[in-house]
Each structure stands twice: as structure tokens, then as C-alpha cells.
Amino acid sequence: MSNKEVKAALKSARDAIRNKEYKEALKHCKAVLKQEKNNYNAWVFIGLAAAELEQPDQAKGAYKKAIELEPNQLLAWQGLANLYEKPNQIHVKGDLADVYQKLLELYESGDKQKWCDVCNKLVELYHQEKKYLEVAETWQKLIRMKQEEGAEKAELHQLWKKMIQLLKDSTRNQDNKTGQLLLSAFEHALSSADVIPGEDHQNLYKDFIQCLSKFPHEVARLEKACHDMMALYPTMSYPLEVLCLHFVHSGTLSEEALHCFSRLLEMDANSGPGMIGFGIKCLKEKKYKEAVKSLTEGLQKTNQCPVAWHYLAEAQMKIHEHRNAVLSCNQALEALGTPEGPNLRWKNLALQLKAETFIKIADADAAEEAIKALEQIVDASSNPVVSALRGQAYLNKGLMDQASKISQELLLSYPDLAEAHALEGFIHYSQKNYEQAEKSFLSAIEKKAGTAEYHQYLGLTYWFMSDETKKDKGKALTQFLKAAKLDSYLGSAFCYLGNYYRDIAGDKSRARGCYKKAFELDEMDEESGTAAVNLSVELGDMDTALSILNEVTGKARPGTAKWAWLHRGLYYLRTGQPSQAVADLQAALRADPKDSNCWESLGEAYLNRGSYSTALKSFRKASELNPGLVYSIYRAAALEQILGKYENAIATYQQILKKTENYVPALKG
């Protein structure tokens, strides 16, 4: 076949393809290849025809042969791209990306429009594959090409915005290079905006700041962006809110942070981040109740600050709201999820605080929960304070050997750690080894003097050690006073101060004040509540006694606060108000139906009210529960006599006289 015939055959092949006669085209090409096996155009036409005949492998082979012959010719690369773009071609995206890269290289010095079209396709392909770094680098090449062509500012602005859109999901991967390209795109988009300040520019700035807040290492850039946006949009609270949340999360309370919190609340008194910031400020200033209020309100208004739950738990812990503190720790842990980086530190702190709170609750179930929390702390074994907490949890659970082992290891490895000496003190105290406990607590206080709990336990050690240490003003009393001064919410310190003033100093008035304070701090503390009421009665101050009882009974759920109902019922009984006495004594019995003395008092109240039948039932119930209550048996007999049940009355009187021969009321009856 001559050169002329080869050209004619290729022309026939081209015409056949144009007429969709693909098999005919293949015949002409094969004829050419018999003569010229390295004919580029023949291989390209075979690729084209085979692709249309749904023979992808043959098409691919033909195109690759053509490329091998002429690597820098466009036709085969274009054909291969068209083949790979077909919907039935799977698992070829990597190959297609390589083809697009080659086409970009070939178009670069020629057809700029086609270069841009291929560039868009390549970016789309990378985006589908979530190859964000390649997306960013390729799109940047497109923008550079447009800049070299002298594109308008508005067109470039749209291209930078498109790049932001393409990379918006890349922040999840935290790839630093991609992240930098994304942030750079934001900065270019912001500087190329048409109207500054303007609504689009403002929204773009918000997105930029939101994006920056996802990069923990871009602190300086975030702060600068917030300040720049505040300068441009002084009435917008958003940049200030982000800045406040950033300061909260960083855990540092600088002057700048405090200024931000104040400025935000001035701008918007209902701002969640502002309230959270103010709550943390109150916490640091030891205004714990204000801190709890502000943090709680702030958290109701924003869900973007898991760290605030930790601060709330800390404030609740300070005022001994232990159950609430546990709930807040759980909220913090749920909001933090499975964190990395700075959030991991917050997760460890929340778990540690949760464990501390359960240890303060101090029952076996709570101890088990404390141990579970401590087991979840990353690198817990290298933290001696966490080890000391584990020792306390074991002690609360009654696992003395494990607690002692931890105590000994800590004292050997960390002789200057206050928590190690305190743990040893708790162990000795629980075993009533008061002299050793004293030494341990004194060592703990020497190393960490500002801990109320250490002074409280040293005071308790002196209280139970001996009568001398209990009565010695410089021992128990001094330590309870120090504990109360260091922690004004520590109810048990005020309770023992009450015990000291009542039982040792004989100062009823001061004792009553201490018990009242202890009870105000912990309304579950029946001992302090009862003592405050009894001392008020002894001091002739029924108003104070009643105000305490009214407050407790006013809040009490059915079946609770027996002591308060009983005390108030007895008061009403003494002061001739039998109907009120009946109601209160019934409420006391709902809390404890087996209290024989309470049934006897209820019988007395019914009797005073003139309800003889119910009085009789109450006295009988009292004597059933406690057959030794002679007075109840006598009252039952007397009521049977009043009700005309003489035989029953005689039998009951005789029953009393069998036990107590000279019981005059029974003889009289």
C-alpha cells in the first residue's frame, strides 16, 4: 500500500466514523496498520471506533499505543479522556486524573479556554474523591492563569469564593497544607470583595472566623480576624462571641478576655458566650452562686461551648451541689465526644472532676462510678493526683488493701504531694488510728494549707481522739473554724462547730447559729436541723424554730422530712392546736409508719381533738409496735371506757396491772 493509499484509507476511516459506521472504520484502520504498524492516526481512529462499539479494553489499548508513539499529540489524550468519562467506566478515576493533568500540560501554551475546561473537570474529579489538597492546588493554578490573563477583580472574587466552597468540608481532615490554602482563599476573597463594608462581605467574614476557630494552632490569626471584623462592623456581636468562646476554651483569663466578656454583655445582655464568660469570672472570684446562675443561663443560650459545662460542674462542686455537678460533668463529656488535641485535656479534666464529685458523695455506689470515671482518663497512671483519687474511691468502697497500696506507692514516689499524705490520713481515720491520722493531715496541711477538707478531717480526728483534744480550743475547734473559713459552704464544719459550742462550751446561742448555718447549707442534714430547732425551743425562740420547720415542711415531698413534721406536730400538740398536730404527725408517719412514739403522739392529738375512735386505733397501733408503751395501753383502756366498751377496758387495765402492779392510772380506771 502506497503512501497515497494510506492517506485514502485514513480518510475513508474518518468518513466512516462520521457516518457512525464504526466496523467499517476499523477495517480501513487495520488495512493501514498492516502497511504502517506505527501509524498514529490509525490507532486513534481504532480507539474512537472501538469505544463507540462498547469495546473499552480495545479502545484503551489503541489510545495507549498512539500515546506511546506520539506522547505530546493531543488527539489520543482527548480520546482517552472521553473514554474514561463514559458512565460505564468504573475504577478509572485515578487514570482519568493523570489524563487531565497531561491535557493541561498540552493546552497550557495554546488553547486557554480548553485548559480552563479541563482544569474544572480535574477539580471536580478530585472533589468527588475528597482529595482536597489536590483540589486546592489545581484551583489555585486556574486562578493564577486568570490573573495572568488580566481577569477582572469581580471574576477573581468569585473564583476565590468557589475555592472556599470546594474546600469547606476539608477542615474535618485537619490537613495543614490544605487548611492554609483554604484560609488564604478566605483572605483573598475578603480583600477582593466589591463592597466593603457590605452584607456579603460581612457573611464571608463570619465564615472565615468560623473556619479559623476549627484550627487550634491559628490562635493569633483568629484573634486578628475577630478584631479586624469588630473594627469594620462595630455593632455586630458575632466576632466578640467567637473571641469570648476562644478565651473560655483556652482556659486563660487574661485582662483582654475579661474586657471581651464585659464588652459583649454591654452589647447584648442576653449573649450566651457573654454570660458564660461572666460566670467563669465569678468562679475565679469565688462568687460561686453567681457563677452557677450565669453559667447555667449562658449554656441555655449556646450549645457551642462544651468547656462551660466543666466550669459549671466546678462551681456546683464548690457549693457542694454534688449531684448537679455530676450531671454537668456528663454534659461536658457528651458535648466533647471523642476529642483530640486541646479537647482531650478538657475531657480528662471533666472525668477527674466527675470522680472527685462521686468521692464527695461518699457511698459505695458512688465510689464505683468514681473508679469508672478515673479508668477513662488518658495517661492516668502518670498523674499522682488521679492515683490519690483512685485510692479515696477504693477506701469509700471498703477496699482497704488497694487504697493502702496506692497510698504507700504515692508516699514513696511523691513525698511532697499533699494528696498522698491526705489519702494516708483518710485511711488511718477510717481505721480509728487517730494519732497516725493527725500526723498525716498535718503533713498534708503543711504542703497545701488552703484545703478546707484537710482541716475538717484534722478537726474530726481531734474530736474523736480523746476528751482532751475534743475540749482543747487549739485542737478540734481551731481546725473546724479554719475549715469553715476556707470553705463557707462546708456544712459539716458548721455542724461540728455547733456540737462544740453546745456540748463543750455550753454556748447555746452560738451553737444554734452554727447548726442553723449548717442546715441552710445542706437541707438533708437532719442532725443540724433538729439541733437548731431544739436549741431555739430551749432558748425560748419559737419563731426561729417554727420558721425552720415551716421552711422544711413547705419544700418536703410526701414521705420525707419526718423529723420536721414530728417536731412541728409536737409543738402544735403542746400549744393546744390538735387539728394541726394531727396533720403533721400523719405526715411524719408517712415517712416512717413504724415509729411507735409517733403513733402515741398522734393518738394524743386525736384525743385532744375529741376523735375518740381514731385516738383508740392510734394508741393500739403504738402498743402493737412496742408492747412496752404502758402509756399507750392505758390510754386505749381509758378510751374504751369512755366509749362504753367496759369489758374491753377492764381486760386492758388488767393486762397493764399484770406487768406493772402499782400503775395508779390503771387501778383508778
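Using the three backbone atoms N, Cα and C, a Cβ is placed for every residue, glycine included.
Remember, TrEMBL labels are computer predictions, not curated facts.
Mean pLDDT for the coiled coil (3-39) in the predicted structure: 86. Annotation source TrEMBL lists coiled coil at 3-39.
With a cut-off of 8 Å between Cβ atoms, the residues of this chain six or more beyond the repeat 'TPR' (40-73) that come close are 10, 13-14, 16-17, 20, 22-23, 25-26, 28-30, 32-33, 79-80, 82-83, 86, 88-89, 106. The repeat 'TPR' annotation in TrEMBL covers 40-73 (among others).
If you look at the repeat 'TPR' (562-595), the same-chain residues 6 or more away from its ends with a CB under 8 A from one of its CBs are 526, 529-530, 533, 537, 542, 545-546, 548-550, 552-553, 556, 601-602, 604-606, 608-609, 611, 625. The repeat 'TPR' annotation in TrEMBL covers 562-595 (among others).
Per TrEMBL, repeat 'TPR' is recorded for 596-629 (among others). Summarised by DSSP class, the composition of the repeat 'TPR' (596-629) is 28 helix, 0 strand, 6 coil.
Beyond its flanks by at least six residues, the repeat 'TPR' (596-629) meets 566, 569-570, 572-573, 576, 578-579, 581-582, 585-586, 588-589, 635-636, 639-640, 642-643 of its own chain at Cβ-Cβ distances under 8 Å. The helix, strand and coil residue counts that DSSP assigns across the repeat 'TPR' (40-73) are 27 helix, 0 strand, 7 coil. Secondary structure of the repeat 'TPR' (562-595) per DSSP, as helix, strand and coil residue counts: 27 helix, 0 strand, 7 coil.
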